[in-house]
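Q: Okay, so Swiss-Prot annotates it like this:
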type     : residues               : note
ACT_SITE : THR4                   : active site
BINDING  : SER159, CYS162, THR165 : Na(+) binding site
Amino acid sequence: MHATTIVTVRKGNKVVIAGDGQVSLGQTIMKGNARKVRRIGKGGNVIAGFAGATADAFTLLERLEAKLEQYPDQLTRACVELAKDWRTDRYLRRLEAMMLVADKSVSLALTGTGDVLEPEHGVMAIGSGGNYALAAARALMDTDKDAEEIARKAMQIASDICVYTNNNFVVETLDAA
């Protein structure tokens, strides 16, 4: 998954998803201020960030919103139901995207193979700069920094290293349970 970095951090009473704004086509930067992190669900009670092919990501985001309408306040169930569809539907199986989603209780990654994963250490990252952001965020979890500070610093480090990630960040925060 090229051309983006998305990170989620859950620490203390906050959960954050942050993403950069760069859209690349091959080796060309097409846009620097894309919004790959957004609030979804009833009242914006879920935050989601996506990496991968833009049209594919929007398709999955729409499908997740439909599942959240079907299973309100049940993010895990909505994601599992979406993953089932993703694995069994011929059209959806061809989509090349990943998503990180979070609500007040849980953070999850939805992969292109239909997996639904919860982070072991409260941190997950996807995209071309995901490994850099993940390492940075994990290193910062034992500091006094809050979830948003950790996410921003992790994104800054990823943008300094990954050529497909810029420093035009969108950050969304929720109060955690």
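Cβ coordinates come from backbone N, Cα and C, glycine included.
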Q: Between the Cα atoms of THR165 (Na(+) binding site) and THR4 (active site), what distance do you get, rounded to the nearest Å?
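A: Per the Cα atoms, THR165 (Na(+) binding site) and THR4 (active site) stand 5 Å apart.
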Q: At 10 angstroms around each C-beta, which of the recorded positions THR4, SER159, THR165 has the fewest other C-beta atoms nearby?
A: SER159
Q: Return the count of C-beta atoms lying within 10 angstroms of the C-beta of CYS162 (Na(+) binding site), excluding that atom itself.
A: 22
Q: Tell me whether CYS162 (Na(+) binding site) sits in a helix, a strand or coil according to DSSP.
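A: Where CYS162 (Na(+) binding site) sits, the three-state DSSP reduction gives coil.
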Q: Using the CB centroid of SER159, CYS162, THR165 as the Na(+) site centre, which other residues of the same chain sit with their CB within 8 A?
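A: Close Cβ neighbours, site residues excluded: THR5, ASP20, GLN22, SER128, GLY129, TYR132, MET155, ALA158, ASP160, ILE161, VAL163, TYR164, ASN166, ASN167.
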